[in-house]
Protein chains: 2
Amino acid sequence: MKAEGGAGAAHEKVASGAGEKEDASGTASTNGSLGSAKDGLSAIMPGWFFEISPMWPGEAHSLKVEKVLFQGKSDYQDVMVFQSSTYGKVLVLDGVIQCTERDECAYQEMITHLPLCSIPNPKKVLVVGGGDGGVLREVSRYSSVEQIDICEIDKMVIDVSKEFFPKMAIGYEDPRVNLYVGDGVEFLRNASEGTYDAIIVDSSDPIGPAQELFEKPFFRSIAKALRPGGVVCNILFSFLSYAEMAKSMYSQFSGVIGFVICSTEGPAVDFRHPVYHINEDDHSHKSVGPLKFYNSEIHSAAFCLPSFAKRMFN
Amino acid sequence: MKAEGGAGAAHEKVASGAGEKEDASGTASTNGSLGSAKDGLSAIMPGWFFEISPMWPGEAHSLKVEKVLFQGKSDYQDVMVFQSSTYGKVLVLDGVIQCTERDECAYQEMITHLPLCSIPNPKKVLVVGGGDGGVLREVSRYSSVEQIDICEIDKMVIDVSKEFFPKMAIGYEDPRVNLYVGDGVEFLRNASEGTYDAIIVDSSDPIGPAQELFEKPFFRSIAKALRPGGVVCNILFSFLSYAEMAKSMYSQFSGVIGFVICSTEGPAVDFRHPVYHINEDDHSHKSVGPLKFYNSEIHSAAFCLPSFAKRMFN
């Protein structure tokens with residue numbers, strides 16, 4: 001597979017790095033006051049949520065909480081939803097913010113349209129993870145698409161999204177969607193060869209239930225399940241070989257997320273120049289609304305990397 | 001003047017908006033626990049610096065403090081320097097982070113090279129503010145430049161930078177630099193007509209001592225001091241007419257900064273396509289080092305705006 005890295009601007013849903021867990025707990029313990037627990041709710045600053053991650057030791061992002069709307073423990077992770085004072089509702093898995101109503105659009109649009117606008121007439125698309133439904137919502141904009149499979153391991157994430165995040169969960173309402181609740185690794189292992197035009201891996205951190213989605217056998221399954229010239233898009237972090245690079249990138253400039261996009265051998269894919277120009281102002285998808293972040297210019301611009309990142313790739 | 005907006009990725013030094021001061025104090029007071037004071041040092045989470053700003057009500061960015069290196073009160077503002085655990089040294093003015101050693105490069109490089117690479121052979125450059133010296137360091141990369149004037153109002157910022165931020169203050173060592181400690185508004189009022197090829201306004205928030213740098217007479221002075229076809233670069237926020245837009249942009253996607261770049265009437269300037277391709281890997285400026293963020297591709301990419309921002313401009 002040929003890989004290209006693209007950097008898009010998106011705030012949340014930054015993947016977290018492996019092998020540094022001690023830093024996070026270290027931060028919490030030497031400080032002795034950054035609240036308890038995976039949920040990040042602070043005992044000492046009541047009413048605030050703290051996001052502490054091994055990805056950004058020595059700093060904490062915090063949001064003011066209006067009200068905790070849901071707290072549960074699924075078979076896989078801690079799930080929390082709170083109403084923030086300025087970011088709308090916020091979905092938190094194992095203490096890490098997955099998305100906020102205010103800025104989820106940037107992430108969902110980029111991880112979906114970077115691959116789908118790079119190939120002509122995608123017909124079969126697979127989403128691995130993405131239980132909130134936001135990627136489904138974006139895939140549903142393509143009239144060429146006939147089949148949208150999604151494999152999400154955690155039913156609680158789906159249920160919570162349907163209850164609290166209707167603007168993301170609306171993606172499930174598309175009749176082309178087939179939902180499989182189960183293990184993405186197994187799903188892909190059993191997928192027929194050459195099935196999909198595009199696969200989008202929208203997972204949480206490599207530390208939690210998504211761990212296997214960051215290992216080689218999974219990438220081999222992806223390559224097998226894609227048609228020749230098919231594409232896969234993933235957050236930069238999910239490629240272990242890029243982990244150090246991603247870490248350095250995030251740590252230099254928080255607030256930036258990287259994606260890795262690859263194609264299987266076959267018809268060449270020129271990722272920098274989208275073949276499909278999606279109409280960013282299209283109001284025909286009334287329920288979904290026009291695009292907030294992505295457009296064809298942003299697509300190409302996402303492949304322009306800062307000098308330090310270019311040097312890392314070379 | 002013709003204005004174009006460009007968005008670059010840079011973390012700190014995000015300008016703050018006017019007219020919302022009540023929000024910041026509101027946040028602090030209703031919460032009752034976000035520490036005291038303009039310096040942001042928290043009484044309740046010792047060892048952490050909290051950045052609270054009217055620009056981002058309901059959220060707080062915080063950095064772990066290893067050691068406070070300097071605290072002073074100049075004629076204009078509170079000045080603090082601390083050693084953070086992961087961002088290097090951090091310069092704070094009136095409680096707002098101005099720059100960190102780790103990521104200052106993105107801001108300094110973009111605000112400098114966006115204008116200077118857009119015109120052929122700049123000779124006379126004026127920096128208003130920029131007391132840390134980082135913009136001077138970037139301007140010094142141009143061999144065509146004969147004269148670099150800088151007018152910074154606060155001598156304490158200069159002294160502190162020279163003591164604690166040698167990699168930024170190195171900009172002062174260029175023999176082409178003429179330092180004026182004084183009021184930028186007055187300096188520009190007295191500048192001869194048509195003097196400068198480029199003016200870079202590197203100021204702090206519109207709330208503090210820099211307030212006048214955000215008002216119309218100042219922009220008129222800039223236009224007068226520029227040669228025909230000369231350029232000015234400024235953070236997006238500093239144009240009051242764009243304030244709402246900038247606010248919306250920042251509030252949608254924190255971690256992103258916008259610049260406004262304009263030229264006076266005269267030889268046309270095509271900002272999107274730099275006429276000078278600065279060599280990002282140039283090691284000949286040994287003391288300054290190669291560019292970390294800017295390159296010609298990033299220059300053009302900075303003018304590709306997300307869909308929501310494009311709609312705001314139209």
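In case you wondered, yes, glycine gets a Cβ from its N, Cα and C as well.
Feature annotations, courtesy of TrEMBL:
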- A:1-33: region 'Disordered' (REGION)
- A:10-24: compositional bias 'Basic and acidic residues' (COMPBIAS)
- A:46-290: domain 'PABS' (DOMAIN)
- A:Asp202: active site, proton acceptor (ACT_SITE)
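There are 26 other Cβ atoms within 10 Å of the Cβ belonging to A:Asp202 (active site, proton acceptor). Secondary structure from DSSP puts A:Asp202 (active site, proton acceptor) in a beta strand. Here the domain 'PABS' (A:46-290) returns a mean pLDDT of 88 for the predicted model.
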